[in-house]
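Over in Swiss-Prot, the protein carries these features:
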| type | residues | note |
| --- | --- | --- |
| BINDING | 127, 156 | Mg(2+) 1 binding site |
| BINDING | 156, 177, 179 | Mg(2+) 2 binding site |
| BINDING | 177, 180, 327 | Mg(2+) 3 binding site |
| BINDING | 180, 181, 182, 183, 291, 321 | substrate binding site |
| DISULFID | 116-121 | disulfide bond |
| REGION | 16-36 | region 'Disordered' |
| TRANSIT | 1-74 | transit peptide |
């Protein structure tokens, strides 16, 4: 028998929201639960309840050891539900990732049908007309609230902790960039959503390595949901089918060497001679330039093509813009779970402690040799020099 997930479909009031406030903790965005439920249902492309696949339909690949069955590998063609049943035993995490998947498919539709004028791209959210990035923000907060497993959440648009009403013990905290690249929606470039999931009730004093999952929603010619679950090998791509379901279409476990580069913040080459030298190397060695100005597609291509490097370097006059919590750390987990490497110039971005919600950093993602070149060119040495491929430093 199918079991409904507590996400959008039940209309049950979430646990009471704390009224306590601090400088970093505020109450959630003011939603009327019943009306927001209706708005979300009407905003969805399909409006169907999410369902867990019957156990009899799960296609787990198993290996027997001492009489016990252990899932060792997922299968291409699985549904998102089937994959998550293998990827993690945590029902709460499965519910959260399913709810976020529902929000992503709705955002994809809203981005695709947005009206773009001279200053913004807008679409409807119930009776409101909102810029698509704010609409995405609201949808994601609602998804987390209705998951009933999210304690705190914050976003680039609302960079303060929002109490989602979930439990501390066994619950999660989520940070997200609702629509990375929103300024290029009107040009019809690919844009996307980024989010990271941490256990418990903290989004500061933690590292990217503490994440239990991270994901991107990618809205381009295809709509995909790319996710990584800590402890489960690979980074996995799900395609949104016409009937509104997510189907597993790709597993990436290795980022190989290949001449493809995506250089962000090139204005930093003006007064960062080392970065200028690195860019000159790519040009001299005839690397293929693949850069859109959207971080989601520029990093996603490394996972899909299984090669290349993305850089966003700072200088005295071109300061860091990328946020560690909302963008850099989640993408770091996606890249490293896929067999790649990340760096701030000295160490993996997953090893950087998030002190403030707005912490920013430079970053590079790519294959091992590309990250070695990045670190050596900018700082003269690399921690990865003697690290075997497949081992995270």
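Each residue, glycine too, has its Cβ placed from N, Cα and C.
A map of Swiss-Prot features onto the structure.
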residue	record	DSSP (3 states)
116	disulfide bond	strand
156	Mg(2+) 1 binding site	coil
177	Mg(2+) 2 binding site	strand
182	substrate binding site	helix
321	substrate binding site	coil
327	Mg(2+) 3 binding site	helix
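Between the alpha carbons (Cα) of residue 181 (substrate binding site) and residue 327 (Mg(2+) 3 binding site) lies a span of roughly 12 Å. Relative to residue 183 (substrate binding site), the recorded positions with Cα atoms inside 10 Å are 121, the candidates having been 121, 127, 156, 327. Cβ neighbours of residue 127 (Mg(2+) 1 binding site) (same chain, under 8 Å, six or more residues apart in sequence): none. Neighbours of residue 156 (Mg(2+) 1 binding site) among the recorded positions 116, 121, 182, 291, 321, defined as a Cα within 10 Å of its Cα, are absent: none qualifies. Recorded residues residue 177 (Mg(2+) 2 binding site) and residue 116 (disulfide bond) have their alpha carbons 21 Å apart, per Cα-Cα distance. Distance from the CA of residue 291 (substrate binding site) to the CA of residue 327 (Mg(2+) 3 binding site) is 17 Å. Taking the recorded positions 116, 121, 179 in turn, the residue surrounded by the fewest other Cβ atoms inside 10 Å of its Cβ turns out to be 116. Each of 156, 176, 192, 193, 194, 295, 296, 322, 323, 326 belongs to the same chain as 177, 180, 327, is absent from that list, and has a C-beta within 8 angstroms of the C-beta centroid marking the Mg(2+) 3 site.
A gap of 18 Å separates the Cα atoms of residue 179 (Mg(2+) 2 binding site) and residue 291 (substrate binding site).
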